[in-house]
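Presented below is the structure to which this report refers.
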Amino acid sequence: MNKKTKIEGLENFLTLNNIIFKDIKYYIQALTHKTYANEHANIESYDILEFIGDAILQMKSSIFIFQHFQNITEGEASLIRAKNVCSSGLSELSKKLGLSKLLLISKGSEHLRENVKINADLFESFVAAIYLDLGDEKLEEFLKEIFYPYISTTNLESIKDPKSSFQEYIQSYSNEIIEYKITQLENELRSELFKAELMHNGITYGVGFGKTKKVAEEEAATRALETLKAPSKQTIKKAIKAEKKE
């Protein structure tokens, strides 16, 4: 699919989502991966918009959490924000919107189209594009429809100190320690992004991404706890018990 066709698809997408744009250039940039920008003249990647969008979502989510959740501490508010303004959470929203289908990316990088971090970046970039093109009022309409309902369903108890919660659960079945395998991602993604794999006895229970090792580890622990709540929980219990017998 060529750029012209993608832009036509973008215009239709914006119309369907009640975003009456003033300047399409913001949205084109928001959906342009740097591998595509590197191969084409006079087009910029979404990197700077992703930076702006991240800052906007941090602020907007903080205000919403303060208004929506009663009697919470600063630490609890930070946990709720970290749970929702993270790669996995924003990636889910991006995929629901279908942003990756509109992504301009080099042919050699097509395998990255469904990448979690890239989809999260797309959501942040798209938020920045709406803000820069149409202002705060229109962005609020968009966030009320797409983003705030996602935050409002957060169960605070389920996200309190996910690393300790997972460790306590594992220790109830096994004496083996858990570890976090940290990888710094570079090249096609971006430097200063960390991937954390939560591992126990050679098995990966959760994977997280973050701009710091701490954030990546917390997200990995959160994903691991979600795995334990899934239908496969009994299978995991049996596997851990089997380890104890060995």
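Here the Cβ of each residue, glycine as well, is placed from N, Cα and C on the backbone.
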Per Swiss-Prot, member of E50, E176, E179 binding Mg(2+) alongside D121, E124: E50
Secondary structure content of the domain 'RNase III' (10-135), with strand meaning DSSP E or B: 92 helix, 2 strand, 32 coil
Euclidean distance between Cα atoms of D121 (Mg(2+) binding site) and D54 (active site), Å: 8
Which listed residue (D54, D121) has most other Cβ within 10 Å, given these are recorded positions: D121
